[in-house]
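Asker: This structure is in structure tokens; I'll ask about it shortly.
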């Protein structure tokens, strides 16, 4: 039995989904092999995915990769943005009901790690701003999750984190925070921006999760909507930031990566994309300016939801994802186009 099969069994055994409309878990990976993940000169993006299906789109592991010559880098910021413009979308997985999600569901996940440095040690929290699609009904719902990556299991309590949502059990001793945001009926083109920003004091981190709809069909928008404002209570904070770090793994062996990736509808489910055409962009705020994340891979690795039949390439300096056989590789070392 291979590693991904073991992970899948663990995830399926943990599914206890309370009946709350649109309540969806977006699982982080877990190191279930018992192997020790040790840091070398830089992280290895291929610990969890070496072949399809994988979360597909664009992601930064904090690595420049020039034909195998790898150089790590670190980005710290208080705000990150994920841009998407979709002109075609249809996904289907006939096995989806086994995971508790609709067969036509899919997600586009904007995932980033919050690093909190305290006098007691370093804590890591996985922030997810997710577009959950019912692709046969042209329905989009925004959902967020927060997971604790500091220990081998994610543990959060209602006294440790508050917001518009709530803490729930994911089974297997894990707890996480989630909130269900607004829903939209869409037509194409559909373009919007995921937005995550944060600030901190000596005893708490404040996270705003939201989006900005740019266009649905022929209607243009432009208003930012923060649908969740989260407080993570943490004593003795020295510093905190949203982090991309190619030098180190999180305390539980995942990545300090930033992901804008397609996957299944939730609960660790994969899906296959029968139709897809979209433009993607990954950005952070530096000195008050929107700045492209420079190097991008074609897949993410922190999330367990994965995709078949998504091929990502560059077109005139811009990442494009459409139907095709996945290639898990470096996409560019020089993303510089500002689409926002």
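Keep in mind that glycine also has a Cβ here, set from the backbone N, Cα and C atoms.
Pasting the relevant annotations from Swiss-Prot:
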SIGNAL    1-28  signal peptide
CARBOHYD  31  N-linked glycosylation site
CARBOHYD  65  N-linked glycosylation site
CARBOHYD  85  N-linked glycosylation site
CARBOHYD  117  N-linked glycosylation site
CARBOHYD  148  N-linked glycosylation site
CARBOHYD  197  N-linked glycosylation site
CARBOHYD  277  N-linked glycosylation site
CARBOHYD  287  N-linked glycosylation site
CARBOHYD  327  N-linked glycosylation site
CARBOHYD  334  N-linked glycosylation site
Asker: Please name which of the glycosylation sites listed here, 85, 197, 277, 287, 334, is nearest in space to residue 327 (N-linked glycosylation site), Cα against Cα.
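Answerer: Sorting the glycosylation sites by distance from residue 327 (N-linked glycosylation site), the top entry is 277.
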Asker: Would you count the other CB atoms within 10 A of the CB of residue 277 (N-linked glycosylation site), including those on all shown protein chains?
Answerer: 16
Asker: Round to the nearest Å and give the CA-to-CA distance linking residue 65 (N-linked glycosylation site) with residue 334 (N-linked glycosylation site).
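Answerer: Their Cα atoms are separated by 11 Å.
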Asker: Are there any residues in the same chain, six or more apart in sequence, whose C-beta is under 8 angstroms from the C-beta of residue 148 (N-linked glycosylation site), and if so which?
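Answerer: For residue 148 (N-linked glycosylation site), the qualifying residues are 123, 124, 125, 126, 154, 155, 156, 176.
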Asker: Cβ distance under 8 Å to residue 117 (N-linked glycosylation site), same chain, sequence separation 6 or more: which residues?
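Answerer: Within the chain, residue 117 (N-linked glycosylation site) has Cβ neighbours under 8 Å at 237, 238, 239, 240.
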Asker: When the Cα of residue 197 (N-linked glycosylation site) is compared with the Cα of each of the glycosylation sites 85, 277, 287, 334, which one is closest?
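Answerer: Checking each of 85, 277, 287, 334 against residue 197 (N-linked glycosylation site), the shortest Cα distance is to 287.
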Asker: Counting other Cβ atoms within 10 Å of each Cβ, which of the glycosylation sites 197, 287 scores lowest?
Answerer: 287
Asker: Among the glycosylation sites 65, 334, whose Cβ has the fewest other Cβ atoms within 10 Å?
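Answerer: Ranked by other Cβ atoms within 10 Å, the glycosylation sites 65, 334 bottom out at 334.
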Asker: Find, among the glycosylation sites listed as 85, 327, the one whose Cβ has the highest number of other Cβ atoms within 10 Å in the structure shown.
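Answerer: Checking each of 85, 327, the winner is 85.
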Asker: Measure from the Cα of residue 287 (N-linked glycosylation site) to the Cα of every one of the glycosylation sites 85, 277, 334, then give the nearest.
Answerer: 334
Asker: According to DSSP, does residue 334 (N-linked glycosylation site) sit in a helix, a strand, or coil?
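Answerer: In three-state terms, residue 334 (N-linked glycosylation site) counts as coil.
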Asker: May I ask for the distance between residue 85 (N-linked glycosylation site) and residue 334 (N-linked glycosylation site), taken between their Cα atoms and rounded to an integer number of Å?
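Answerer: Approximately 21 Å lies between the Cα of residue 85 (N-linked glycosylation site) and that of residue 334 (N-linked glycosylation site).
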